[in-house]
Every structure is written in structure tokens, then in C-alpha cells.
Amino acid sequence: MNLCSSGATASTTSLSSTGQAERSGGVPGGGAEGGGGDGGSGNSGGGGKANDGSAEAPTLCFAGGSGTAGAITGSAELTNANSPANGAGGASGFTGSGQQPTGSNGHSHLHNENNANMPPETRPKMVTVKHPESNKPKPTTKKSKPIQADQDVIKALQRCRDEGIKRLDLSKSSITVIPSTVKECVHLTELYLYSNKIGQLPPEIGCLVSLRNLALNENSLTSLPESLQNCSQLKVLDLRHNKLAEIPPVIYRLRSLTTLYLRFNRITAVADDLRQLVNLTMLSLRENKIRELGSAIGALVNLTTLDVSHNHLEHLPEDIGNCVNLSALDLQHNELLDIPDSIGNLKSLVRLGMRYNRLNSVPATLKNCKSMDEFNVEGNGITQLPDGMLASLSGLTTITLSRNQFASYPTGGPAQFTNVYSINLEHNRIDKIPYGIFSRAKGLTKLNMKENMLTALPLDIGTWVNMVELNLATNALQKLPDDIMNLQNLEILILSNNMLKKIPNTIGNLRRLRILDLEENRIEVLPHEIGLLHELQRLILQTNQITMLPRSIGHLGNLTHLSVSENNLQFLPEEIGSLESLENLYINQNPGLEKLPFELALCQNLKYLNIDKCPLSTIPPEIQAGGPSLVLQWLKMHSPYRQM
């Protein structure tokens, strides 16, 4: 029996441009690390493609769907940066936002304003399918079965057949079943079924022999029909967020595939048949339960992006070194014990994600990957890097070695940081920053040395003149050098959890400082020069031994957050009333603070006031319990300066 026999006549309308799938490719797992990064979950599976000039190719967009009619994008994995924000222009649609173009009646349609001036016979075909529920609010109770939606699918398929539609979008439509009549839409090149409730596809899906893009993400699929192998032109297949326990065997026979998304399923293994997909350029197996990646991966020599993050891999095959075109390799959040030496063959590698594994070392052959711009091994057990490795990677701009077991800076001297602008060594066991280590790092703007064992800062700290963010929290620092005054580009300075007894007067030179965190030190007095920090927005002095605030604090006109809790304050200066921007004030747990200045009532923007465990004898308890607005009102009412 021929499943594909029908009386339908294929449309003679042709798609004027090919290669849609190739142009719609992207780097998975964007987020902080891009291709090798820790991207978001990317549950949205929207459509959208670059305008291919095929204005004559009719499109059917189901009104209950997203209204997107283009190549598969969505999530952080495929995004068309050139897509128009308003969705006008027909197929040159969207980036997975789930928005749909609407007409005055709220129905989904595809429209190009330029078509209005075209003769009727030359205008592109447009089909609008009105969903009976499209203008009604979403029900608060879940329907047992969206019968009406399934009926509308039948109508949509009929129009697809009759109108010669090439792109069909049935996404986000509560569909449970795809009718067998889908076989009549043999001219389809793009089919979007994402975000439905489909449990299985009919065998007739294999009749769509012209299909190039197929989006099935965010459904409940556990398998695929064998007939899908007839779709020999299929380029892009999206199966993210389904219930696949294995890679369906039929996929290995789709040798035309260039992009395959299998993210967030229940896959435990990858068959050796993977080697047949030699045209793949992008493969995402992220967020599955895979324990082993076999040697077949080495046959995919055209791969440029491979994402196997968030699995249970302990080893990689040496064959990974055959994938010489890889530019993005994401291995983060696995259980990797080692990285094969063959990784050094990947000379096109730009992003390599190795965060949060069980690595104790990395291979010296990584020196060959000179195109890398980011090196990130956060959350492993590495004690040292191969000699001079970072210096060999001269293109590096970001280095993250946090949460490892480093006892000292990597060997390689100042040369290893020449082009670096961000260094993160948080949560290691480093007790010293070598003198002159940043002498060539003229672009260094961010340094994070939080949670180490530093007892002092290098004498050349004054040469770090381009530093913008400096985090030295949770160390054992006893003194801040006077040369800190030279860091005049500094905006964020974190010194919490140290052993500082005083702050140098030269702190007043840091005129761009926005955040100053001195929590949990042994500070008794703040310098008067603190009032020169006019850009300061957050001043955190919690848990010190401060007995009074300098009157110059009233000059901090941009201050929004002031925390002086858990100190030995005896009073607040009247000048605190000049802090017009102040929103949050923490003065709790100051056992010697018995009264508040009436001038505090001048802080009109104050939203939060914590005075817990302060023996305020002048303000009635019921007023204190009423919150900051009531306290401020009381202060104003009892002020000797009523006119204020």
C-alpha cells in the first residue's frame, strides 16, 4: 500500500532561494560563555528565518500558533539577528519570541505593506486560518482534549494542499494528532509543529519528500516513524524538549541533515550509526543522560558546533580530534576526568566549555588552539596548568580559573595576560599576587581574587590604572596600600571579609567608585575623604567596629544603599538628612544607638529602614513597628524644625 498516493497536484511555485537551513545555524548555549557557555534553558522553540526573497512562495500560518513562518530558530541555539522586530514582511519572521503578527481583528497573518500597491495577479498568496478561540482569553482550567484545534488542523492541511503552501506553521496550537492527510502536502519545505501535545507522528509524514526544515520541539514524542527516511532533503531537525529515550534509528538515515537538535530529552547513548550523518555542522545533545560518546563522533568532520553539556560523560574519545572544523565545543557540567591530547588538533576552536567537571589537569596540546578567546575551567580540581599554556593562547581576553585548587598563579609570567581584560581566580588557595604579573595587561579591567589566602597586595598595585572591578573579598588582608589612589577608573571595590583596621585617606581619589563593600572587617573610623566619592551608590559597612560616621557622608548625593548594622554607633550625624537619593538604610544591631536625628525625615526616598535591636528610647515602640514611613513621619512631627 502506498501511503503517499493522493489526487493532489504539486504546486509549480518554486522557492527562489535554497540553503535556508545553513543560514539559520547558530551557536548553542549562549549565555555567559557563548558556544562554550552556560546558556539558559531556551524552552522557547519559535520559528523565523532570514528573508530569502521568495515572496511568491505562499505560506499558511495557523492562527492558534505563533505566526512565525521561517527556518527553525528559537532558544539560545538558533537566532536570526536580522529578523524584523514587528514581524512584517512575510517569511522574514521571528527569533522564537512566540509573538505573532496580527491584523486589526487580531488574527494571525503574513503581510507585506509593499504588496498593497501590487497588481492583484502579482501579489503573493496569503492564507489566514481563523482559530475560533483566537479572540477569547485563555481558559483558567486545562481542557481534556483540544478537539477544535485538531479539527482546524484538518482544515489547515486542506488549504495547504489546495493553495500550494510551502511553509506551514501549526505551532503552539494544542494539537494532539497530525492527520494522515498531511501526506497531501507534498510541496511543503518547512513544517513547524513545536509547542504542541503530539505523542507520535503518522507514517504519512514520510510523504513530504521536499521537506527541508522540521520543528518538532516541545512535544511528547518518544519515537519517530521509519518513513521519515523518505524526507531525503531534510536539513534541519529540531527535537528539543521531547521524551526520547534514544536517538530514533531513522535519524541516522537522514544523511542530508546539517543541523540536529536533541537537547533536553532522556537519551542515554549514541549509536555508532551517528557516523553516517557526515553533513552535520551543528549537533546539540545538551541536557540528556549520555554516559559515553563513541568514536563515531570523529566521522563528523564538518561539525562546527558540538554541544554535549549537562550529561554524564567521564571521557571523550580520541577521535574528537578529527572534528577539525569545530569552532565551539561545549563539555561543561559533565563528569569528565580527562581531556584527550587530540583536542590540540582543533585549531579552529574559539570556545571550549569545560566548566564543572572532575578534571585535575588539561592537556598541554591545548596550546595549539590559538583561536580561543576564552579559557574557562571553573569548578574542577585543577592544581596547575601546563607551563606557558596561557601565554601560547595569545588571543585570550577572558580567563576563568575559579573554584579549583590553584595554590599560585599559572606559570608564564606577564606575557600570559597581555590581551586579557578579565581574570577570575575566585575560590582557590592563592596566597600572593606576584609583583609585576599584570605589567603587560594594559587592558585588564576586572580581577576577582575572592576567597583565597591573600595577606597583602603587591607593591605595584598602583600600576593597575585601568581596573574597573576589583574583588578581594574573603581573604586575610590587613592593610590597603596608599597607592590604591591611582586606580582612578575603579567603579567597584569589594573588600569584605578581611582583617582591615582602617581605610587610607587616599580612598577619596577614587572618584568613579559606585560600590564600596567593607563588610566584616575591623574598621573603627572612616576617613573624612569618603565624602569625596560623589558617584557612590552603595556603601556597605556592616559588621565592623565603627563608633561614628563622618559628617562628610552628607555629600554622597547619589547614595541609595547604606548599611552600618552590627557596629558600635552612638549617633548618626545630622548630615544624613542630605542623602536625598537614599532608599535603604540599615542601622540595626547598634547597641549604643539611642536616638535618631530629626534630619532623617528629610530622606524622602527612604523605602526601607532597619532599626532592629537599637535601644531607641525617644521613639515609641508602636511607631518603630509601623515601618520607615511612620518613623519618618514621627521624626518630622516632633522635629523642632517643623517648617522642614
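Just so it is clear, glycine is given a Cβ too, placed from its N, Cα and C backbone atoms.
Annotated in Swiss-Prot:
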type: COMPBIAS; residues: 1-19; note: compositional bias 'Low complexity'
type: REGION; residues: 1-60; note: region 'Disordered'
type: COMPBIAS; residues: 26-50; note: compositional bias 'Gly residues'
type: REGION; residues: 82-150; note: region 'Disordered'
type: COMPBIAS; residues: 87-96; note: compositional bias 'Gly residues'
type: COMPBIAS; residues: 99-117; note: compositional bias 'Polar residues'
type: REPEAT; residues: 164-185; note: repeat 'LRR 1'
type: REPEAT; residues: 187-208; note: repeat 'LRR 2'
type: REPEAT; residues: 210-231; note: repeat 'LRR 3'
type: REPEAT; residues: 325-346; note: repeat 'LRR 8'
type: REPEAT; residues: 348-370; note: repeat 'LRR 9'
type: REPEAT; residues: 371-392; note: repeat 'LRR 10'
type: REPEAT; residues: 443-464; note: repeat 'LRR 13'
type: REPEAT; residues: 466-487; note: repeat 'LRR 14'
type: REPEAT; residues: 489-510; note: repeat 'LRR 15'
type: REPEAT; residues: 512-533; note: repeat 'LRR 16'
type: REPEAT; residues: 535-556; note: repeat 'LRR 17'
type: REPEAT; residues: 558-579; note: repeat 'LRR 18'
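The list of residues near the repeat 'LRR 13' (443-464) in space but at least 6 beyond its ends in sequence, with Cβ under 8 angstroms from a Cβ of it, reads 402, 417, 419-437, 470-481, 483-487, 489, 494. Nonlocal intrachain contacts for the repeat 'LRR 8' (325-346), taken as residues 6+ away from its ends with a CB within less than 8 angstroms of a stretch CB, comprise 27-29, 33-38, 281, 286, 301-319, 352-363, 365-369, 371. Long-range neighbours of the repeat 'LRR 14' (466-487) within the same chain, counting only residues 6 or more positions beyond its ends whose Cβ lies under 8 Å from a Cβ of the stretch, are 426, 442-457, 459, 493-501, 503-504, 506-507, 509-510, 517.
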